[in-house]
Every structure is written in C-alpha cells, then in structure tokens.
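Below: the structure, in structure tokens.
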Amino acid sequence: MEEKKRIMACLAVAVVVLSGVVGQVRSGPFDHRFKAGEDVPLYANKVGPFHNPSETYRYFDLPFCSSGPKKEKKEALGEVLNGDRLVTAPYKLDFLNEKESEIACKRKLKKEEIAQFRNAVSKDYYFQMYYDDLPIWGFLGKVDKEGKTDPSEYKYYLFKHLHFNIFYNKDRVIEITVQSDPNAVVDLTEDKEVNVEFTYTVKWKETDIPFEKRMEKYSHSSSLPHHLEIHWFSIINSCVTVLLLTGFLATILMRVLKNDFVKYAHDEESADDQEETGWKYIHGDVFRFPKFKSLLAAALGSGTQLFTLTIFIFLLALVGVFYPYNRGALFTALVVIYALTSGIAGYTAATFYCQLEGSNWVRNLLLTGSLFCGPLFLTFCFLNTVAIAYSATAALPFGTIVVIFLIWTLVTAPLLVLGGIAGKNSKAEFQAPCRTTKYPREIPQLPWYRTTLPQMAMAGFLPFSAIYIELYYIFASVWGHRIYTIYSILFIVFIILLIVTAFITVALTYFQLAAEDHEWWWRSFLCGGSTGLFIYGYCLYYYYARSDMSGFMQTSFFFGYMACICYGFFLMLGAIGFRASLFFVRHIYRSIKCE
C-alpha cells in the first residue's frame, strides 16, 4: 500500500513538472486575427554564417539600430534549446498599412562597427525574423568580387533597404516575403565612420489561400517530384536489401537449420555416444551468463528506452505536430518523452539483470540512468562552454539549465527508480531451454574474419546501406536549411532499418554458434549497434564532402552532438539485435533434445 502511495506521489510530481512543458508542443499554428492598422509585431530572431547553422548570434549583437526600446519575446523550453532569441525588430508592419521607403532608424557606424559588419558580410551572414509565426530570411549584404582575384580588392556592401510583401486573407496573415534592395547599400570596404538610414517598404496583397494551408509552401521543397523520386528510390533500394537478406535467411539459413534438426534427431536415435558437433555441441554453454552482465542489462534498458522514444517521436510527426517552423516542438517533445520513458529503461534493465542472477540492482540502476545521460551531459557541458565563449545563442541560459535539471531530478530519476523497483519485484526467471554445465567449454581457434570487429563491420554495413540515401536529407535538414517533412517515408526507412538489423544479427549469431563459439551475448549487441558507427563515419564524409561548415564552434557542435546521436543509435539498434538473437537462440535450442 505504501509503495502504491509513493508511486502515485511521484507520478503527481511528474504531471506538475511537465504540464507546462507539454503544452508547448502544439499541433497547429496559432490562429491570430487582426484589425486594419493593428500592430503586428515583427520579431528579429538571430543572425549567423549561412553555412554554420549552429553558430548563431542575437540580432542586436551586430550594431543594428533600433526604433525604440527592445522587447524580448518570452520563449518556451524547446525554442530556447533551438537557439531562438526573439526581440522586436526596428520595422513596424501594421496590418494592411502600406509604406514606401519608410525610415526605420538611423545610426552613425563607427570604425569598429564597420569592421564588424564587414566581417559578417564576408562570412555570408543571414538574418531570420518572424512575423505572426511565419519565418523570413535575408542576407545582410554582398561581396563584389567581379573582375578581382586578390581578396584585398573585394568590395563589401551592407543592405540598408528591405522590401516586405505580405499576403493576407480577410483578417489573417497568410504569407510574408522579404527582399533586399541591391542598389540601396552602404560601402563597408574602408574603416571610416558613416551615417546609415535603414529604410523599408511594405506592400499588402490579398490571397485566396486559407489560413490552414499557409505552412504548406515551406514543405513543398521536400515534396518536389525529383526529390520524391530520390526518396522512393531510397525505399526501393532498402526494400531490395531487405528482400535479399530475408530471402537468404529463408532459403539458406532455414534449410541449414532443418538439416541440423534432422541430423541431430538421427544422431540421437542411432548412437547416443556419438560426439556432437556444431551448435548443438555447445548447448551446455550457450546460456551461460555473460561477463559484465550489469553493463549489458543497462545497455539493454537504455536502448529499449531510446527505441520507445523514437517510436513516440514518429507518431507525433505522423499526426502533424512537427509542421515546418513549429519552433522548438521537436526539442520539447524529446525532453518530455525521454523523461516519461525513463521508467521503461529502469524496468527493462532491472528485470534482465535479476534474470541474470545479479544482486546489486541499485548499482545497475545507477548505471542505466547514466549510460546515455552521462556522455550526453559531458558533451553538453563542453559545447555549452564553447557557445558561451562565442556568445552564441546556442549557449543555454542558467534558468533553462535549471529547468532541465529539475525535470531530470523530479521526473526522470524517480520514474527510473520506480521502473527498477517494479522490474526487481517482477521475479521473472530467465527462460533457458538447456541446462548450463558447471565448466565452460574452450572456444576453438577461429579465423580472423570471425572475430568481433570484422563481424561488426559486416553487420553494420547492410543496415547502413539501406538508409544512407535518406541520411543526406536528414543531415541537410538538421545541419542545414533544407526542410524535411516526409515523415511517412522516413518511418518506412526506419522500419526497414530495424528489420535488416535484426535479421543480419540473427544470421551472424547462427554462424558464430555453428563455429562452436558460445559467447554470443555481447557479440549480438555489438553487431546490432555497429550501424551507429557507420552513421558516424558518414558524418565525416558529410562534413568534408557535402557541406561548407567551418570554424571550431560549428565543427565541435557537429561532431559532438552527432557522436551522442550515433551513440544513441548504437544502444537502440544493439538492443534490437540482442533481442532478435535471444529469441532465435531460444527457438533453435528449444527445438532439439538437450541432455
């Protein structure tokens, strides 16, 4: 009774802590209605080098002028994690009020400010703004390189006039675009003071597009016919891989297993003292518990939690929660769902650890809680320090760090412990079809290609080949400015990835047992998770061959956070591979008579 009360109290705390956070994951855009002449605020978000998506700064970190007091928009948790820092822009875009070359503000730029703008223009800095939750972008200036080979002869110009085109349907804003006037510029080439007038023009046009479809234009880029062809080619490529692999297993592996069953049954009838060979020979060792069983149980628990997290994220994506530029929704969902699924990690790890006759379940629970969060926390600390040194918006404010810490302390940790207690009390026994002998058999000398690393390379290559085409679009979205909205195709690719991972791990486990190598536990987990290492290898290729990212901050953010993501894939796919292999091993040894 007391335990039930503690569980209910922890769940109540979890609901209180997350109630405000969950509300930030909205399933559709806010419906704002305006009257003619009403002030619709334009928010300036951030500026940064176009090719370095993680290196962004506040809009007024550059010496832009302001038309009045700056008001910062209150940001939700996911928006802060996304690096958004909205502040009122110097341009006034009242509803249905047209303006022609209106002066936004004036400023006398000093020599240092001229140099600051010139540096930004040379690095292709862009700005991002939001108008009624609709994003707009533009470049700060241009570099004139025409007819010049020496970089010291380049001319640098800052755009000082913006032209806003806004489309409306009755009393609602539907679309907004912005263009910079290439003729209205400020020469930044020399370090000398200059007076600048920032001006803007506003034009309003009526449209028939309904409010519900105003976000569709942002997703059209990923749904263009030639892009869809590539996506479907990716799926066909993956399906061919799956068919070849499953066909191989169905024809070769099942035939070999059938022959094995017939052979072993015949051996039992003809000669009881005949020496056993193959995988039956090691039936007394195949279910011998592995070394480092606490670590294996923790990895299995963490991998299961990450798999559940991924499934929930896909479900939210498929129902339309992550529509284009729903700022911070993905990060909010990741934080909330990871916190709520920590009980699954605790329950899975503790149950499996106790099945393996482990005694120190508390230490196992601590290991489970820190196995993924520990490396992620250390990576975050380093990268956040780098972002603070750069004064970038990627640096999380102290208040946000406190909120995340409270979520981990009041939700993640208690649910992990509750899951662990439930797993310990489940008293489930490990289902082993064969008795384990007292002393382990010696594993015969195996050729080099049957050792762990070559087997991991073989196991990781096939699943990676099934997803590598889709990886480019995901990378271009996460580490670029491409929009990815075809979640249904991504979900199909993910299912294919799981199937291929499970089948290739099962096949390699069978070959390992047939070679009389009974230490399959860790091998199956490592082979299943090896696809994560291939994805990290793809990171190196993408960074050097497919992107223009540069600089210490962007490089450290890319390789740091991708290491955490690939580590998560390693744990998740490792858990899938191990579960598939465990099911397979139990099945084949249940089908024969073990003495």
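Each residue, glycine too, has its Cβ placed from N, Cα and C.
Values in this document were obtained by computation on a predicted structure and should not be read as measured data.
Features as listed in TrEMBL:
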type: SIGNAL; residues: 1-27; note: signal peptide
type: TRANSMEM; residues: 230-253; note: transmembrane segment
type: TRANSMEM; residues: 295-323; note: transmembrane segment
type: TRANSMEM; residues: 329-353; note: transmembrane segment
type: TRANSMEM; residues: 365-390; note: transmembrane segment
type: TRANSMEM; residues: 396-418; note: transmembrane segment
type: TRANSMEM; residues: 456-475; note: transmembrane segment
type: TRANSMEM; residues: 487-513; note: transmembrane segment
type: TRANSMEM; residues: 525-545; note: transmembrane segment
type: TRANSMEM; residues: 557-585; note: transmembrane segment
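Of the candidate ranges 230-253, 295-323, 365-390, 456-475, 525-545, 295-323 has the most C-beta pairs within less than 8 angstroms of the transmembrane segment (329-353). Only sequence-distant pairs (6 or more apart) were considered; of these, fewer than three Cβ pairs between the transmembrane segment (456-475) and the transmembrane segment (396-418) are under 8 A, so the stretches are not in contact.
Here the transmembrane segment (365-390) has Cβ contacts under 8 Å with residues 55, 294-295, 297-299, 301-302, 305-306, 342, 345-346, 349-350, 396, 408, 412-413, 416-417, 420, 552-553, 556-557, 560-561, 563-564, 567-568, 571 of the same chain, all six or more residues outside its ends.
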